[in-house]
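Novice: Please see the structure below; I have some questions.
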Amino acid sequence: MSLFAMGFLLVVLQPSSGQFPRACANTQSLLRKECCPPWDGDGSPCGELSSRGSCQNILLSLAPLGPQFPFSGVDDREDWPSVFYNRTCKCQGNFMGFNCGECKFGFSGQNCTERRLRMRRNIFQLTTREKDKFLAYLNLAKNTPSEDYVIATGTYAQMNNGSNPMFRNINVYDLFVWMHYYASRDTLLGGFNVWRDIDFAHEAPGFLPWHRVFLLMWEHEIQKITGDENFTIPYWDWRDAEDCVVCTDEYMGGRHPTNPNLLSPASFFSSWQVICTRSEEYNSQQALCNATSEGPILRNPGNNDKSRTPRLPSSAEVEFCLSLTQYESGPMDKMANFSFRNTLEGFADPRTAISNVSQSGLHNALHIYMNGSMSQVQGSANDPIFVLHHAFVD
């Protein structure tokens, strides 16, 4: 999707993003269509008494929908978040968050006036202590319920237009797995009908900025549960890699000795359960993923379809992509030629920048190469390699 996805991007940058604040997941907020919770610091909605923000009508893009989506009023994500809330907190200065209670990315301090520079580093340049701390933080996030956010287990219509809220708790790590699923899931049209040609986070100009905000929010939530304000996600520089060098028990989990599709039992990631991977089951039930555990992480790096992705990307391909001068072009989707975004995303040849959807380059190549949970768009964030990969893409 093109303009449609851009519209979602524009509103996801507002305080109410692709998840639901716990303070607004109730009948009163849904029926009033207002999400302006009080800030604990002064007890006023959006911290208005402290000039942090105010409750205002949301601003929606007036741009037309892309021609790829021939519907209107059938998907909760259209003109997000207006189906659920049409009044939210608009934060001032360097404040952000659903109640303007936090500092914008890159700022800290009581009044959010202090600049804070944080740097993402190559995972292989971390000390053993730093690397082990990162892995421990991921595991903590997987086992810590989110205090501030819940997920929707039904559509707005299934919630009887707000009078029957359908939400549930979720851990901090899986919150972001669900968000990635929710942005890329199919549209439920009723009965057994779905619309699959839709994605609010991929195949369009919003791909890179959507995932940038996504990673920043992920880092922010881990900073909150650990109290480590300096935490950043490391990256894996996969240029010219011969194989999955992070797929060891020391890092992101090695291969199971008897089942090549599973992780080594020596890695604590082998005990992780995935969510939101059964798209056809949800579609047949006209239901949303409710974050029920669906089995272990699957990964079989290198045993992918070689005709589609023969190898991991090269340095030369990355350099060619970086030499492109147009961020976006033409139809602004996976058919775009000479588009930096489409080439980096992987739908255009990384040697010519000409669209070739039969091949998977750069970003897409890494997902396909992993040949498991990472290879399915909606559930790809289940594999913790996802964060290393997207930190490098970013």
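Glycine is no exception: its Cβ is also placed from the backbone N, Cα and C atoms.
Straight out of TrEMBL:
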- 202-219: domain 'Tyrosinase copper-binding' (DOMAIN)
- 383-394: domain 'Tyrosinase copper-binding' (DOMAIN)
- 1-18: signal peptide (SIGNAL)
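So where do these features actually land, and what's packed around them?
Specialist: Note on the domain 'Tyrosinase copper-binding' (202-219): its mean pLDDT in the predicted model is 97.
Counting same-chain residues at least six beyond the ends of the domain 'Tyrosinase copper-binding' (383-394), those with a Cβ under 8 angstroms from any Cβ of the stretch are 120, 123, 138, 208, 211-212, 214-215, 218, 233-238, 244, 246-247, 252, 269, 272, 297, 299, 344, 362-363, 366-367, 370, 372-374.
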